Amino acid sequence: MRRFFYTHSRGVTEVVVGRGIPYDKYVERPVVLIEEGLENPLPNAPALALKGGEGVKSLEALSKVYVFLQEAEADRGSTLVAVGGGALLDLATFAAGTYMRGIGLVQVPTTLLAMVDAALGGKGAVDWGLVKNLVGVFYQPKAILCDLEWLRSLPPRVYRSAFAEVVKYGLALDEEFYSWLRQSTTALLNRGEDALEEAVYRSLKLKASVVEADEFEERGIRQVLNVGHTVGHALERVLGLLHGEAVSLGIAAELRLSAELGYLREKYVEETKSLLKAFELPTEAGLSSEQLAAAKGLIKYDKKRRRDYVYLPLVIRPGKWILERLRVEEVARAVEYVVPQGRTA
């Protein structure tokens, strides 16, 4: 069992990574929001089960959570315990941060992607129309409990997809971690306990350091967490991919853009694509002309856009990055880099 703490505007969050975590130790007056099909780790607490997946990040689902909290007589001394994947954790963060202007929140991520991404950061959101995370809040949890036991039964494709986010942390923030990942792909794909704990712990430590430095995205530092996500989010919507698969494509495209702009050496583009492929993640995708146009069109709705420009985090070498102001059309063209040899289907 490994743990650390990070500080923020609401105080301190405890992060625990290990197996067999005693959940009741970390919550007071719990009410549970849980993904359908999962076993409630706090069976004596009131619970609402919702279907997981991106569809849960809706105003309709948010309304159901508010009704549940009201019927459970939750107040500002209650703790909403969110048990599930990243989409459900996003919804829970939004609900906890807005119900009665804020109640307690504990995150229990049950997928690898949720552990290394959605659980930490304090972002809660719902989708609006075709745009991901358009309506949201910043609201930090009291604790994040990453029990690796949840990952034993995770479907292989879902499990593998999370490594796009893990690679992102090493690629953009920590060259030594990036090198460790290149040496540890087999152990991680085999769900080796020690390697998995190390990957989750180090990913969270890196993300926490960024959140501490720029909790509300006011200084530009937190933009590094969006490496691969500008192109990735557009492709996720158009192709219906898992989030991690789309981020993998986004990383490949944005690295190519960085190289074309003269920031990144070609060897790192190919080296990182090889690492993503080692985790059985895509770096190319066939798109029809209509899909390509749709993906490009979605770039203009990206939250990093300011008028005619997108502020894009670009990796310049493993562990180093810059924030570059690029025209929307220039970033949109980067979508083409994931199409094999620039051809559309």
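The backbone N, Cα and C atoms fix where each Cβ goes, and this holds for glycine too.
Keep in mind that this is a model prediction, so the values were computed, not measured.
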Query = For the NAD(+) site that Swiss-Prot assigns to Gly86, Ala87, Leu88, Leu89, Asp90, Thr110, Thr111, Lys123, which of Lys132, Lys142 is also named?
reply = Lys132
Message = Starting from the Zn(2+) binding annotation in Swiss-Prot that includes His229, His243, which of Glu149, Glu165, Glu175, Glu324 is the extra site residue?
response = Glu165
Task = Find the one among the binding-site residues Gly86, Asp90, Lys132 whose C-alpha lies closest to that of His229 (Zn(2+) binding site).
result = Lys132
Ask   = Any idea what DSSP makes of Thr111 (NAD(+) binding site), helix, strand or coil?
value = coil
Task = Ten-angstrom check, please: count other Cβ atoms within 10 Å of the Cβ of Leu88 (NAD(+) binding site), all chains counted.
result = 31
Key: Glu165 (Zn(2+) binding site) in three-state DSSP notation   = helix
